[in-house]
Amino acid sequence: MDLSELERDNTGRCRLSSPVPALCRKEPCVLGVDEAGRGPVLGPMVYAICYCPLSRLADLEALKVADSKTLSESERERLFAKMQEDRDFVGWALDVLSPNLISTSMLGRVKYNLNSLSHDTATGLIQYALDQGVNVTQVFVDTVGMPETYQKRLQQSFPGIEVTVKAKADALYPVVSAASICAKVARDQAVKNWQFVEKLQDLDTDYGSGYPNDPKTKVWLKEHVEPVFGFPQFVRFSWRTAQTILEKEAKDVIWEDSAPEDQEGLGKITSYFLNEGSGTCPRASHRYFLERGLESATSL
């Protein structure tokens, strides 16, 4: 899978897709929706759709696609390669949502929770397939939240299409399994080849699974938290695990209107910039300063 567009800019949202098979413009098609990477504290979340003509659904099933979580990495890559070979009747598209986009959405002034972001992304991909001329007549979706509510919402958005939303749809419907494989292959590749915009010293790329309860992931987070600027953009800083580490490892901010008793015992953020005493920061200058040509002032 070519993720070069994502590698050039992994700070927002990236949409990738296969060419639309001519057959999918002519014949009624079934479309599946699934995601990969909803829960991890590290890396992007990827939503994917996969579609094929109803007349060729048996051929898709013959590939023996399955829920991506039950397959090894090599099996997922092999099946995705097979779908690429069958591009005369199988098409796909995906949205890669960066950790930065997810966190800024969830922590913005107007809250945009992960369920809403997921629902809107799935809706956008279905609409994208329709806009590309795919003759979609049936849609199967792996649920996020209550399936009945989600299905009603999608049915209202696409009244001319038969919509089915189920829990574990990736194990029930082959077209959703295929979407699951597309999403997982893309996420695995994105994580493995992540381009860090931060110039990190001694970068350890052994992150573990990326899930919040993974001890190796927690160690990585502690080792790569910057005292003032926090985490690299590879981290979803809106996750509770990341916030807890920030509270323990990063500098406290003292606001001018804070009550004096609330400031007792807090290290001042200005200590980060000092070159003497225990407040010395041994790390190289953060890219924020390097990009702006800023250096510490020794005298005023």
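The backbone N, Cα and C atoms fix where each Cβ goes, glycine too.
Marked as divalent metal cation binding site by TrEMBL: D34, E35, D142. Summarising the environment of E35 (divalent metal cation binding site), the number of other Cβ atoms within 10 Å of its Cβ, over all protein chains shown, is 24.
Mean model confidence for the domain 'RNase H type-2' (28-251) is a pLDDT of 93. The domain 'RNase H type-2' feature in TrEMBL is assigned to 28-251.
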**Report entry** Proximal but sequence-remote residues of the same chain as D142 (divalent metal cation binding site) (Cβ under 8 Å, at least 6 apart)
**Finding:** V33, D34, E35, V165, K166, A167, K168, A169, D170, V176, S180
**Report entry** Cβ-centroid neighbourhood (8 Å) of the divalent metal cation site, D34, E35, D142 excluded
**Finding:** V33, A36, Y47, A48, A122, V141, V144, A169, D170, V176, A179, S180, A183
